[in-house]
Amino acid sequence: MPPPPPPPPPLPLLLLASLAAVAAGPGCPLGRGRAGECHGPSATDSATCVDPQLRTCSDVAYNHTAFPTLLGLRSREAVESSSEYILLSVLHHLLEGQCNPDLRLLGCAVLAPRCGGGRVHRPCRHVCEDLREACQPAFDAIDMAWPYFLDCGSYFASVEEGCHDPLEKLRGGLDAEEALPSGLPPTFIHFTHHSYAQMVRVLRRTAARCAHIAKTYSIGRSFDGKELLVIEFSARPGQHELMEPEVKLIGNIHGNEVAGREMLIYLAQYLCSEYLLGSPRIQRLLNTTRIHLLPSMNPDGYEVAAAEGAGYNGWTSGRQNAQNLDLNRNFPDLTSEFYRLEASGSIRSSRIPIPQHYWWGKVAPETKAIIKWMRTTPFVLSASLHGGDLVVSYPFDLSKHSQEEKFSPTPDEKMFKLLARAYADVHPMMMDRSENRCGGNFLKRGSIINGADWYSFTGGMSDFNYLHSNCFEITVELGCVKFPPEEALYTIWQHNKEPLLNFVEMVHRGIKGVVMDKFGKPVKNARILVKGIRHDITTAPDGDYWRLLPPGSHIVIAQAPGYSKVIKKVTIPARMKRAGRVDFILQPLGTGPKKFLLGPRRSGSAVRDPLGGAGPYGEPREPGQEPLGARRQPSAGGSKPWWWSYFTSISQHKPRWLLKY
């Protein structure tokens with residue numbers, strides 16, 4: 001995919017760039033009303049159609065406009081210098097992406113109306129009314145009046161009068177069955193099965209509507225050439241931020257297990273709409289976490305399964321990829337190597353390398369794409385969504401006992417159980433006490449199970465995540481029907497929405513920090529060890545790390561080649577839901593520890609000294625952690641709203657029509 005367009009300049013710069021033009025006046029030859037609005041001419045049956053050449057309106061669905069406009073603006077220059085046009089150019093920022101580009105296109109249809117056949121075509125009134133109903137809350141949230149020039153009764157026409165739909169270009173890319181019901185916002189979730197093309201359109205449309213917090217990108221292609229499309233959400237999509245943990249959720253690794261695919265498509269739309277609506281929980285989550293959703297890891301297999309249809313799909317039709325490979329058996333078997341090293345007594349598992357002979361076999365392009373993705377992104381937490389049962393399983397999936405399926409825990413057994421319970425304990429059906437239900441045989445286990453204790457297999461993705469990277473991955477079986485009928489999808493979403501959010505929030509458990517040298521330079525690939533847990537993680541290129549840990553006291557060690565190790569004792573309270581900050585400053589070998597190291601003063605020998613704590617563990621607020629809604633509260637005491645200062649540099653005709661009082 002081509003690189004995304006550069007982000008727009010900050011809001012004040014956009015306004016200042018227009019200042020010179022605006023200073024001459026917003027160009028309203030027929031005069032203004034008491035609120036400062038332009039009086040436009042009546043509709044005309046004769047007009048000269050010209051190219052609008054307006055940057056903010058460059059993507060309208062027509063090529064010609066006419067002057068004077070519906071607001072009485074007689075030239076392109078007059079439009080560009082008007083406060084109405086400036087508002088359209090910054091509305092995306094003011095409303096934090098909500099109702100974009102719909103409102104901008106609607107405003108352009110008034111400022112530069114469509115011209116064709118020698119006459120001006122006004123935008124449709126019903127489109128304006130639908131948008132106002134959907135978008136009025138966004139204006140209310142920032143204490144802004146609805147713009148006068150978007151008054152549906154003044155500058156719009158009915159279908160009978162020959163109006164045009166300014167949003168037709170947005171709807172043009174949808175199949176007929178995808179068109180949203182009239183009056184519903186475009187982020188409305190349609191609980192249906194999605195073909196590959198429909199899935200791609202929904203993800204890209206969602207990313208476009210939430211462009212300031214979302215982005216789509218491809219991690220590779222399937223064997224049949226379909227893009228493995230990911231949508232990510234974060235405060236700065238497209239880049240890793242220091243100490244911001246990364247989470248991935250993967251669906252449809254087996255092509256005929258489709259519930260996970262749909263859940264992630266719905267989750268993407270939900271995150272976008274809830275963020276725009278000002279949900280404190282979702283804004284806090286996306287402002288502090290980078291979330292990657294891959295709805296379909298096996299789009300080729302899905303096409304095979306979908307051809308048979310929901311409810312008619314066999315147990316295995318479409319399970320494999322187009323090469324007839326089971327993708328969840330196609331990853332390197334590092335678990336056997338772990339058991340071998342563990343038996344020799346020489347193992348602290350940390351990024352076990354992929355054996356060369358693995359590449360001599362048949363490795364699917366989908367598998368290669370996931371491995372590359374993991375190597376380029378410092379994932380901390382992951383879930384793979386499956387179907388066929390109702391349970392959450394966690395590593396190891398390969399039994400330590402080759403001849404039998406038997407409990408085979410990782411060194412992080414306690415943490416994995418917490419992660420699994422974070423999902424299962426808030427899933428209403430997993431907590432249903434009936435043993436006759438789907439997954440009832442797991443009820444006595446709390447609907448969670450060690451994978452090898454259920455059934456053992458090699459080449460699984462979850463074991464590979466744990467042993468080759470810093471990432472902890474669980475497997476979620478969403479239900480006994482692998483390809484559920486469409487009418488069941490809404491209920492499945494209701495059962496899994498809260499578990500998905502609760503699980504993602506678990507990425508903030510444990511500790512995080514930065515490993516630096518004495519000059520403040522980050523130390524990448526430094527190892528973070530925890531006494532009693534024989535599994536280490538490593539720092540990212542910026543020196544930051546995240547270590548998922550259960551509540552309790554832990555001895556944490558940071559070490560890197562050429563440096564003395566630093567040891568700290570940390571205590572994680574049981575109810576702490578934000579990772580504690582624990583930084584490490586490493587000294588070059590031979591220099592000894594310095595007194596400015598974090599933690600209490602050290603006493604005793606240098607070997608056993610560094611057992612000091614890392615200080616109090618509150619919930620420090622990181623930069624950018626404050627929800628956007630914090631600045632969107634209405635003003636009090638008659639003062640101007642926060643956004644008014646952006647318009648005060650305009651010397652004439654300030655847009656007082658945006659004030660509610």
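Placed from the backbone N, Cα and C atoms, the Cβ positions cover glycine too.
Database features (TrEMBL):
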- 1-24: signal peptide (SIGNAL)
- 44-166: domain 'FZ' (DOMAIN)
- CYS128-CYS152: disulfide bond (DISULFID)
- 192-507: domain 'Peptidase M14' (DOMAIN)
- GLU477: active site, proton donor/acceptor (ACT_SITE)
- 597-639: region 'Disordered' (REGION)
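The two recorded residues GLU477 (active site, proton donor/acceptor) and CYS128 (disulfide bond) have their Cα atoms spaced 44 Å from each other.
Comparing local CB density within 10 A for the disulfide-bonded residues CYS128, CYS152, the maximum falls on CYS128. Taking DSSP states H, G and I as helix and E and B as strand, the domain 'FZ' (44-166) has 50 helix, 12 strand, 61 coil. The domain 'FZ' (44-166) scores a mean pLDDT of 84 in the predicted structure. Counting Cβ atoms from all protein chains shown, the residue listed as 'active site, proton donor/acceptor' has 26 others lying within 10 Å of its own Cβ.
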